[in-house]
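Peer 1: Let me give you the structure first, and then I'll get to my questions.
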Amino acid sequence: MSAQTDTPLGEIDAIFDRLKTRFASRATYSVDYRTYHLKQLGYMLKDNQQQIYDALKTDLDKGSWACDIEELYPIYNEIELAIRKLPEWMKTESRSKDAITTFKFISPRIVKQPKGVVLIIGPWNFPIQCVLIPLVNAIAAGCPVILKPSELSPAVSVLLSQLIPRYLDPEAYAVVAGGIEHATKLLEKEWGHIIYTGSTRVGRIVAAAAAKTLTPTTLELGGKSPVIVAECANIKVAMKRLLSLKQANIGQMCVSPDYILCVRSRVDELVSFCKNTLDEYWPKHPHPQSFLNTQATARLASKSGYNRQLSFLEHAEQQGTLIYRGETDEEKQRMGISLVLLDKGKDGGKVMQEEVFGPVLPIIVVEDLDEAIKYINDRPHPLALYGCTTTKKAQDRIIAETISGSLTFNDFGVATINRSLPFGGVGESGWGSYHGQDGFNTFTHNKPVLNSPFWTETIQTIRYPPLTPTKAWIARLSFLIPMNYKRPISVEQEYNRRKRRAIIRWLAIMLIGLSGGWFGLAAIMGRTT
């Protein structure tokens, strides 16, 4: 793998202008152009699979299994969906149905138009997936793209710099390699859209820079993603799934379970099962499945990141809250999962003040579901929230009483690779979303288009002076929908009215079904007699 060579700062203007010129030519607009480049991107991954493995091994010590599951498969799935659904997504939408009668005659519709040149600023923890899935969405939307991979994943950055110009139109797609200076220079430009994946701290910088040019942004940020373990939880299944996700990329994932809120009545069972599962699934070194050896996970990306996790463990040891210590290897920068138990009055220190982003897993004891929900609502909205429950009542409460980017019950991390759902945060965990059709929509301007025909000029004359009572009467008939509802009395009355309508609807459906069945039976009996 070649050493990383930063893009000369002086070339950024020329690269940006080149892509703007390509966009202005409308070459990227056609469904054929978009489809061709989506297919090219798929074959770029297929043709260079081993090089991708090598780059991820160099940057993060990822094995091929982790590369496939965490990086490549989600991109292939996005490409397949975009190719298949692109003609449908691009179709102009009629908006006549809900238009008032007058406006039905002027063909209200939405035309899907690419926003312009897109900037994608990627993270180091998933340097392929978190750069190329937004690229898939932007290509599908007809937007040229500049990719800015993380300087902390230099091998991947070099590889993308080599492959993108070989497989994609170099006039429309480019890679800028470099660090903070390069990102700062790029953020000075006026973009069609910016998508940034990374820390909340840098997200604020990106948002502030984008505000200067009024550029729309999608910010995929981090934060602490909590897990609620309710009294009704199936702990054995939930914890096996949780720990298997926590080992992915060794917790260096924006949606990795950050801490567990466990009801007191189940905490002993949870702790015991987690310890046993860690010992069973990831035996100690030199076993090949040890966290120090397994290729199903990765190393801590930097020495500072490794030392940060160590500081969490040292504080927990001092406080007497470290109940399970995972293996550590400073030279390899690898760690096993460690458990910290925090009951009332116990000081969690920085592990509860900062996003963990590593293999340390705090378990906080709460009295009940009420306390768990209050704990979450007293803090910034998480990017991902997880609930371990077996009852609909508990699930309904968590859905209704919390706010989060995503909410998953009895599994972990799957929302990030579900192409049929938007992936994004809320509040401090970010804004905007992408993946699948939602990603296409992110980079697409829904342009309202109307066409007022000349034959309506007879009605249009009411707009022209002089204004008369007759014209005002015609305008009221033409442009105002009458209030077809009575003055409301109370919220309770609205509830009762809605329930009555639902019951009447149900009875009508039952009556129609019974009548149809009766007539059908009568017809059959008539034929047999």
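Quick reminder: no glycine exception, Cβ is built from N, Cα and C everywhere.
Annotated domain 'Aldehyde dehydrogenase' per TrEMBL: 11-447, in sequence order. Among the features that TrEMBL reports, active site is placed at Glu220, Cys254. If you look up TrEMBL, you'll see 503-525 marked as transmembrane segment.
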Peer 1: Taking the Cα atoms as reference points, how far is Cys254 (active site) from Glu220 (active site) in Å?
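Peer 2: So the alpha carbons of Cys254 (active site) and Glu220 (active site) sit roughly 9 Å from each other.
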Peer 1: Which chain-mates of Glu220 (active site) that are at least 6 residues away have a CB under 8 A from its CB, listed by sequence?
Peer 2: Cys130, Ile195, Tyr196, Thr197, Gly198, Cys254, Leu383, Phe423, Gly424, Gly425, Gly430, Gly432, Tyr434
Peer 1: Let me check the 10 A CB neighbour count of Cys254 (active site). How many other CB atoms are there?
Peer 2: 28
